[in-house]
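Here the structure is laid out as structure tokens; the discussion comes afterwards.
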Amino acid sequence: MPQRTVTIASSVGLHARPAALFVEAAQGTGLDVEIGRAGEEAVDATSILGVMALGAKHGEEVILTADGDGADAALESLVALLSRDLDAEEG
Amino acid sequence: MSGDTRHGVGVSPGTAVGPVVQVAPPVRPPDDEPAPADAEAATAQIQAALATVAGDLDAQAAANAHAAPILKATAMIARDKGLAKAAAKHVGAGLGPAHAIEAAVAEYAAQFEALGGYFAERVTDLKDVGDRAIAEVLGVPAPGVPSLSGPSVVVAHDLAPAQTAALDRAHVVAIVTEAGGRTSHTAILAAQMGIPAVVQLHGATSLEPGTTVAVDGEAGEVTLDPDMALLEAQRERRERRAAALAGVSGPGATRDGHAVALLANIGGVDDAVAAGAQDVEGVGLFRTEFLYLSATALPSVEEQADVYRKVLEPFGSRRVVVRTLDAGADKPLAFANLGEEENPALGRRGLRLCQAKPELIDSQLAALALAARDTGADVRVMAPMVATAEEAAWFASRVAAAGLPKSGVMIEVPAAALRSRHVLAEVDFGSLGTNDLAQYTMAADRMEGELSDLLDPWQPAVLDVVAAACAGGSETGRPVGVCGESAGDPFLALVLAGLGVSSLSMAPKKVAAVRFALSLHSLEECRALADTARAARSAADAREAVRAAASPELTAVL
């Protein structure tokens, strides 16, 4: 299954606005996407509660996995998203 | 003839009229909720309820740009597959739909609370979704404030901070609650908005929605179906009040010219911009917590200085009194958490936290010094939760090391008030935080609504402690101000001036009435009112005696 490792760039970690943006993007892929830490059980990346409960902090490494058609492209776009400081962007 | 007039406690003056809009309380699942006969149907019912809740939240977000981000994020929680799945699992284990939702919410809430900091704060949103979904499956009105279509009198058992986030401020003309007290969230919110509020109105929550009521926030009266004569009298009083308050402006002073500076309480950049445009002599309390509470790491000195410049600029050469970080176990910092405490109000908070983590205060003072230098503002810093002269001296040395010209202490611990002679000798000024001072003098938790009578700032014991602080100020030649809500009560402001307080800091909307009250009385009269208040046996007696002895011109318009 395609998999990527990425460091959380958002200065506040993966909660609030960054978490909401990430979950919306994950839902937008239409695929089963999971996010988790190395060696721990991953959570459903399309669940805001799951992603928030993960509690990923700024600078922490997370592993994304996806399955299905276009999984590689979907993961690339999600990696790009997590590599930006989403909280610093106005919107 | 006007209908029924009910009496409560007026906590924010002024009069207003409008239809009652009831804020429904959250409902708990009934104890006798039966186990679901058909698990699939119960699960479908839960899914439908969550979808309805999400739709309602989206609709509210569309109607309320200010609160839209919070409401949209909350709608996302309601749509979460995980929440519906967790609830379905509890249905499978034999719980009815309402209990299943409650159990699913409790599971996630426990996870968030374990993460602490910002995540723990999101528990409120999650519980809000749960409460709404429970109301939906039970077929009762959604808890919280319904969307308002015109001027409305908002009526509730008590207003929680979370409920007021979505309150459409443009349409709320008055607030009435069944519970609450003078220092409750309702009173503070109404004062900020400059609208009348009455708390402790018996039977408030059973007022029929849509009933027209006239609210008198000074007398604490709510009249059902008021007649034209009453409405006309209230309208006249509003006009008299507006004319009287508009008649005085500029620096605060008693009738005989004794200066009492009138200052604003602010908590962020928006507040600063709004208050800077008002007729105030500066800021008497700038709460700095907003910069730190949502941060996961201590912001850099330059980041802090940027924000401070924006806060200082609107005030030009006017004074800005900055309270250094007042965090602790009740307002935990993600990056400086000293751990859970049994009793956070009495724990390592305020200056005590900063003594444990001096890097916090040093970086804050460095940032303030930078911002003060760049803006030329008259910055004066003060420390919260000071109890002893040693603590005051420690703080003063940090402030001097940072190159800031003036240091002060909050006087909110009775120990500091009683020993103000020694505490104030270490610094340049003192500022009485009367809300916490009342909490610590009366041993009554500010968060405990049932104890609000004990927290009344008119409590003679609290006035005695204020008097002790002022005596130390006068002995050492250090000015003592007040920055609690009590400074904004026009009658209490007279008493405080009489006790020797030299500045009063409050929500900017309250300044005009206090300025007017001072202008009607001489310093000697204020001293006599202070004696009257301290001679009283109870808070209610003190308030009544001062009202009766104050200028009739003041009572006629408030």
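Each position is counted from 1, following the chain as shown.
Glycine is no exception: its Cβ is also placed from the backbone N, Cα and C atoms.
Curation does not apply to TrEMBL; its annotations are automatic.
What TrEMBL records for B:7-122 is domain 'Phosphotransferase system enzyme I N-terminal'.
What TrEMBL records for B:151-220 is domain 'PEP-utilising enzyme mobile'.
If you look up TrEMBL, you'll see B:His185 marked as active site, tele-phosphohistidine intermediate.
DSSP assigns B:Arg287 (phosphoenolpyruvate binding site) to a strand. The feature phosphoenolpyruvate binding site is assigned by TrEMBL to B:Arg287, B:Arg323, B:Asn435, B:Asp436, B:Arg446.
Around B:Glu412 (Mg(2+) binding site), the C-beta neighbours below 8 angstroms that are at least 6 residues distant in the chain are B:Pro384, B:Met385, B:Leu432, B:Gly433, B:Thr434, B:Asn435, B:Asp436, B:Leu437, B:Tyr440. The Mg(2+) binding site feature in TrEMBL is assigned to B:Glu412, B:Asp436.
Using a 10 Å Cβ-Cβ cutoff, B:Cys483 (active site, proton donor) registers 29 neighbours. The active site, proton donor annotation in TrEMBL covers B:Cys483.
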Other C-beta atoms that fall within 10 angstroms of the C-beta of B:Arg323 (phosphoenolpyruvate binding site): 22
Composition by DSSP (helix, strand, coil) of residues within the domain 'Phosphotransferase system enzyme I N-terminal' (B:7-122): 72 helix, 14 strand, 30 coil
Helix, strand and coil totals (DSSP H, G, I; E, B; other) for the domain 'PEP-utilising enzyme mobile' (B:151-220): 17 helix, 19 strand, 34 coil
For B:Arg287 (phosphoenolpyruvate binding site): intrachain residues, at least 6 apart, with Cβ closer than 8 Å: B:Asn265, B:Ile266, B:Gly267, B:Arg323, B:Asp326
Separation of alpha carbons, B:Cys483 (active site, proton donor) and B:Arg446 (phosphoenolpyruvate binding site) (Å): 16
Cα-Cα distance maximum in Å, computed over every pair in B:Arg287, B:Arg323, B:Asn435, B:Asp436, B:Arg446 that the record assigns to phosphoenolpyruvate: 20
Local Cβ density at B:Asn435 (phosphoenolpyruvate binding site) - other Cβ atoms counted within 10 Å: 18
